[in-house]
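Lifted from TrEMBL, the feature list:
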TRANSMEM  26-45  transmembrane segment
TRANSMEM  86-107  transmembrane segment
TRANSMEM  128-156  transmembrane segment
TRANSMEM  176-196  transmembrane segment
TRANSMEM  203-222  transmembrane segment
TRANSMEM  280-298  transmembrane segment
Amino acid sequence: MAALRLSATSHIATHSLKTLFGEKTVWLFILLFTVLVVLSAYLGWSANTTVDAIYTDAKQYLLKAGNPVPPNPVMDSSPLSMLRNLSVYFGLIGVLVAIVMGYQLIAEDRKSGVLPLIATRLTSRREYACAKVGVFSGVLALLTLISLLVCGLVFVCLPSISLSGSQLRQLFEFHFFAYAYMATFGLFAMGCTAFAKKQSIALLTPISLWLIITFILPSLMANVNPTAAINPISTLVPVPDSAFFTIVHGYLAPIALAQNFDAISAQLLEYGPILSPLPVIQWGSLICAFTLSALFAVEAIGRMRMEKGAFNE
């Protein structure tokens, strides 16, 4: 029986992978995300390499002239700070990749009409849910790992810059929280797609939630303009000295996932104010949101009526 359950789960997972990577939209978003990660790392590498080369030439000139040599400006800032744009790409394109993948993994089965056939081969709906969530989690983890490897390659190519053990740990921690942040929306999209009766609602619901969290909540809590909400520095502004913003910030801070992710990114990548340890409300909200989304996805998929799984439209 255990072998049959494993076989059913593996077959569903294999089919899901083939279906997912057969979608051009998924490939487009994955390619865009990967290119932006590489571009972000390249821009950081290029800027630091240029400044370091200028400093090296100026240093030789100053030494020959007998003048004092100032410190290398590259060393004035943390090497991790040159990766600060990653928080933007994870929060925008990365989340959209997760939403599209989560939606496609369930919607494709509902649209193709294979759910009744799949249901006849399952001993439990949890097998289907575990296979879908497992495929989603694995693919998203692979994208996150690619970003981590690209970042590591950048520092290897910069011999004048080295990461300490604590900074290397912070880079891992940043990618962990980035993964949790993206997965939160992707798992929520999976649950919505399994629960919704109409295809349009299944996709619009997670995207609407993402727009609210990314653009509307920062405006309500700290008067951050929507155009500034995608700036990794602008979102770190203090709460305005106003009774309204103080009260709203106090109530909405636990669900302000975008701002909490930006604050964590600023501390782990060392381009913002450093707080040690990380505030519980920031990392706790991301972990709680990720856990709730995972439970919602598993529960919604497990309760899906597979005998009549097609959308109503």
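Positions of Cβ are set from backbone N, Cα and C atoms, glycine also.
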Proximity of the transmembrane segment (203-222) to the transmembrane segment (128-156), 3+ C-beta pairs under 8 angstroms: no
Cβ-Cβ under 8 Å with the transmembrane segment (128-156): same-chain residues at least 6 beyond its ends: 9-10, 12-13, 16-17, 20, 30, 33-34, 37-38, 41-42, 44-45, 79, 83, 86, 90, 94, 97-98, 101-102, 105-106, 118, 122, 162-163, 171-172, 175, 178-179, 182-183, 186-187, 190, 294, 297-298, 301-302, 306
Distant-in-sequence neighbours of the transmembrane segment (86-107), which means Cβ under 8 A and at least six residues beyond its ends: 16, 19-20, 23, 25-26, 29-30, 32-33, 36-37, 40-41, 132, 135-136, 139-140, 143, 147, 151, 174, 178, 181-183, 185-190, 192-194, 199, 202-203, 206-207, 210, 214, 230-232, 258, 261-262, 265-266, 269, 297, 301, 311
Chain residues outside the transmembrane segment (280-298) and at least six past its termini with a C-beta under 8 angstroms from it: 102, 126, 129-130, 132-133, 177, 180-181, 183-188, 190-191, 194, 253-257, 260-261, 263-264
